[in-house]
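Report on one structure; see the data block that follows.
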Amino acid sequence: MTFARIAGTGSYLPDNIVTNRDLEQKVETSDQWIRERTGIEQRHIALPGQSTVDLAEQAALNAIEAAGIEATDIDLIVFATTTPDKVFPSCACILQARLGIQGCPAFDIQAVCSGFVYALATAEKFIRTGSSKKALVIGAEVFSRILNWEDRTTCVLFGDGAGAVVLEASEETGILSTHLHADGRYEELLHVPCGIANDFDAVKAGQAFVEMKGNEVFKVAVNTLGRIVDETLEANQMQKSEIDWLVPHQANLRIIAATARKLDMPMDQVVVTVNRHGNTSAASIPLALDEAVRDGRIQRGQVVLLEAFGGGFTWGSALLRY
């Protein structure tokens, strides 16, 4: 049987760091308020002129190097983002050209904070069916460009960054299962209420901002992530104790802790970066995964659960043996 196995990970964060103290100077908030409700202490914000693909390129190069391959060995690019450089072509195509790759399929996926899990699941299917041998999967965002920096309920939450993995076809066990879901009835609880075909004038005026009803999102997220943990374990006939690491979407420390409790997992088996990165949307899971791989926490052969919840609502999980 052919599995899709992670051969290498990579990530990149902009140099510019914005702390909670910095935000105290911009909006009516406080470091204590932000920490107590979200766990966030700082976030990285892209510099003017720094784009989503700029961040993704560095993460991709790091992942390719870690995998021990050449960029031209890549035969599929799946790019998860909500903040593309252009309406078209896709970020995947722009990145493909920068990496000197020609001819392979390259496309974007938009599932907001669940985007990386969606992209990983898609690439895994290509590999399982023999349509790809080495896939580059990316989650990258410049979410700071769609934030209203006068809205204290949203501007304190998000950051910019990029993460990537190289998936390769292997006889060794890799991704064990993926689980994807969505429910569009919750559209307006977390959205940007304008776009290309709807209120484009607001976009042109630079007024395309994230709007969120945080309390409602929190309630649905906690319940939904609890259910997908059960679904993932049941699909693999696994016990909670068999999972070595949880790498969750980094939205809010309270949501992360609730998922860990669902797994009866101590927090030292949970990869947490939200305190330093904020919510980087589709980039958060690959950023956290790369950090834990590079610092030696996640080892080959260990079982890792990835899970995410985002606008749409969308949610998903991936269980893998690293």
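Numbers run from 1 along the shown chain.
Backbone N, Cα and C define each Cβ position, glycine as well.
What Swiss-Prot records for this protein:
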ACT_SITE  C113  active site
ACT_SITE  H249  active site
ACT_SITE  N279  active site
REGION    250-254  region 'ACP-binding'
Across all the protein chains here, work out how many other Cβ atoms are within 10 Å of the Cβ of H249 (active site). 33
Tell me the Cβ contacts of C113 (active site) under 8 Å, same chain only and six or more apart in sequence, or just say none. H249, A251, N279, S281, A282, S284, A308, F309, G310, G311, T314
Mean pLDDT over the region 'ACP-binding' (250-254): what is the value? 97
Counts by DSSP class (helix H/G/I, strand E/B, coil) across the region 'ACP-binding' (250-254): 2 helix, 0 strand, 3 coil
